[in-house]
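Enquirer: This structure is in structure tokens; I'll ask about it shortly.
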């Protein structure tokens, strides 16, 4: 092909050459990396400097200053983006000592404030700082610090970010979505603030979790920050403290329930998918009774998923499969694992559902397989072991309630404590997915010594790290951020109209296989956060390939479904990488309206 020189052809591997030949058949829109696309603006002068999407401060070259009408509005010295970051990091280390508001304001919250100010004035630089220091700052913009941010959001609010829909906006949402300035939105994270990180009902202040989640979609998955949208649906709050707080920014009325509540969410979904038909909506921190119901209501119609139910489950499955490998056994032995789960909320039941489906698939995906998988789980909530004798049992937990015939020979009964269950069951794994602090006590861990496994695994996956006992711990590495960015990116780039169980399973299995054998045998189940962009790239590619295999893919931009199907594994990874945004100042072109 004329556009690829003979010397270049000789220097490339056959696979790399084939990919280049394939890419060369597509319009320039595909082969141009996501971060290098020029931006056309219809404004200039101070308006650009006040817009965090396009402001680059002293990094504007003199040519750009002339072209955009900002010469003289900035100091004359032009600095590089790296010099800007070096200066900011120096200031950050110095200023974080003085950015606290008093004894209740932690160092982590001080860092959040400083980073948030950078976010308000220069988005590209903000994400470059975040990506380059992801291990240090992911816990600041996401869990655990985001929980503290949400608790104090009304007092921290300075500049609006995202959109707010409330029960008072019923009948107006279809027009409201056109108030958002972006013509294209790829990713929405939406919450109703009813169950923020196990901290309970935080009402409108829960917007902080949607903002933090999207920061990681940008940093880890390379979703363009100009095409993300955090959303709060304010249907009131049942938090009496907030109802009486004069500084609270949300509706000071009790939450809508029943059909009234559902009608608000229905209107929101119809509005956003009418304006942005290809958007992906991630539901975040909805209380359990709505999390499952809304997931089942929308998942076959819209591109959506619930991270608490499906994302947590995927990360847990990846960990569970890794634990099997760490025991020196093949992953196909997973259905033999005896698993005790502490927590029966949306995350806990979501994990059990997904793990039992994985076991059943390995056993043949028939009725006998599902029954065998069900029998491998013991669920313990705040009232103890869940059995058929439980009054008013949660419908979502009912399939996994232990049956009377199973209890006798195990010496267990309804309401048995976690310690009792661990002693009698002798599990291979215990999973913590509850907001109650101190569950894995010394007594529980001592009981685990008698496990039937030579190397039992403990997954303390609960949020937040501070709740109940007043002590601050460290976030477990089994964090949802290993999966949700890749699920979102893979769905976007495949053009899949829905997010199937198979796509979620492919994401979890790719994460489980990401670690090298020697790392797993050392007990390292999850990779370091410093590799998050590479992890996300691999997970997204697995999601794309599964969407193609299930005939769900419709393509993205100029890459249609047939062309996606022709990509091999390596080419799919390269396709994903090319479409990941990176924080590079783009070429800005001014054009009059």
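Every residue number used here counts from 1 along the chain in the order it is shown.
Placed from the backbone N, Cα and C atoms, the Cβ positions cover glycine too.
Summarising the annotation, TrEMBL assigns active site, proton donor to 142. According to TrEMBL, the feature active site, proton acceptor maps to 213. Taken from TrEMBL, the feature (S)-malate binding site applies to 195, 479. Residues or ranges marked as divalent metal cation binding site in TrEMBL: 284, 285, 308. Marked as domain 'Malic enzyme N-terminal' by TrEMBL: 119-299. Under the heading domain 'Malic enzyme NAD-binding', TrEMBL lists 309-548.
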Enquirer: What other residues of this chain sit with their CB within 8 A of the center of the CB atoms of 284, 285, 308, the recorded divalent metal cation site?
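Expert: Going along the sequence, the neighbours come out as 191, 195, 196, 209, 283, 286, 291, 306, 307, 346.
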Enquirer: Averaged across the domain 'Malic enzyme N-terminal' (119-299), what pLDDT does the model get? Just tell me the whole number, please.
Expert: 94
Enquirer: Between the Cα atoms of residue 142 (active site, proton donor) and residue 479 ((S)-malate binding site), what distance do you get, rounded to the nearest Å?
Expert: 10
Enquirer: How long is the line from the C-alpha of residue 308 (divalent metal cation binding site) to the C-alpha of residue 479 ((S)-malate binding site), rounded to the nearest angstrom?
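Expert: That separation, Cα to Cα, works out to 11 Å.
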Enquirer: Among all chains shown, work out which of the recorded positions 195, 213 has the most CB atoms within 10 A of its CB.
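Expert: Sorting the candidates by Cβ neighbours within 10 Å, the top entry is 213.
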Enquirer: Take the C-alpha atoms of residue 285 (divalent metal cation binding site) and residue 213 (active site, proton acceptor) and report the distance between them in angstrom, rounded.
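Expert: So the alpha carbons of residue 285 (divalent metal cation binding site) and residue 213 (active site, proton acceptor) sit roughly 11 Å from each other.
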Enquirer: To the nearest Å, how far is the Cα of residue 284 (divalent metal cation binding site) from the Cα of residue 213 (active site, proton acceptor)?
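Expert: A Cα-Cα distance of 9 Å.
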Enquirer: Validating a neighbour-count step here. Other CB atoms within 10 A of the CB of residue 479 ((S)-malate binding site): how many?
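Expert: Taking all protein chains shown, residue 479 ((S)-malate binding site) has 22 Cβ neighbours within 10 Å.
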